[in-house]
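Asks: Below is the structure I would like to discuss, written out as structure tokens.
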């Protein structure tokens, strides 16, 4: 059974305590009414994993846990089997005592692009919106964050996160809540807020930017990573039924247009930190994610286009400050 009591106890003692006015009731309602049909199967996989405290833990350069003496073949097989019960694994990679989870996305590459542009994370309280399996939460802790909180309504991601946490010695510096950003009150409590790979899924992208702003303390930093297209500050792609086979893609602005949106929402010191094309080396099918991936979503005769004829995915990182 996945519980949230440790998180409630933690925030009761800090500047997030006002969240307790709404959060426990929301989680209780989720537990009663909204659990996925496979949630019990997934949470059982977490429950059956052994609790291991790493002898060596590296969250600075990767998410890697090692034991002082190698685990037995039987222990490794048990861990491997239980983690495979939580497939597909999309965000990673993770190296856990000799079990290497080769995820669909090389999320470490994204982190390497983002990290040099961030304010120092040491001692910060961080929110990661749409955090997936929580890979970047652990990297934030590795970079010195005091507390990293992720929100993502996808329940498989919650179970993947809790599985990794259990294998990292039940580390309580990072937490994942099965909520969407629209369920959060205006907490105004986080030093840094990340939204990576979310904006293009929002029907109202400016509303999403306002929601992110409402979570930041004054002088807090927003890190926004999303799909973009080439163009000037007035360029926005509005795809038809699908974009790269995804149905729920609504608006893909140019990076200059996105900068303008952020300024319109009251952010300052907005800068475009990075723009890069997504490659089939960064997003691909693996034995831990066996269905279609980026290579299947691109035009086989022109890899600069999606199968629908739109520009192939490229992603930008923008950094902004809430005054």
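If you go along the chain as it appears here, the first residue is 1 and each next one adds 1.
Placement of Cβ uses the backbone N, Cα and C atoms for every residue, glycine included.
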Asks: Of the candidates 91, 166, 213, which does Swiss-Prot annotate as part of the carboxy-S-adenosyl-L-methionine site that also includes 105, 110, 130, 152, 153, 154, 181, 182, 196, 200, 315?
Replies: 91
Asks: Where does residue 91 (carboxy-S-adenosyl-L-methionine binding site) sit by DSSP, helix, strand or coil?
Replies: strand
Asks: Determine the Cβ neighbour count for residue 154 (carboxy-S-adenosyl-L-methionine binding site): the number of other Cβ atoms within 10 Å of its Cβ.
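Replies: Result for residue 154 (carboxy-S-adenosyl-L-methionine binding site): 16 other Cβ atoms within 10 Å.
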Asks: Fewest other C-beta atoms within 10 angstroms of its own C-beta: which of the binding-site residues 91, 110 fits that?
Replies: 110
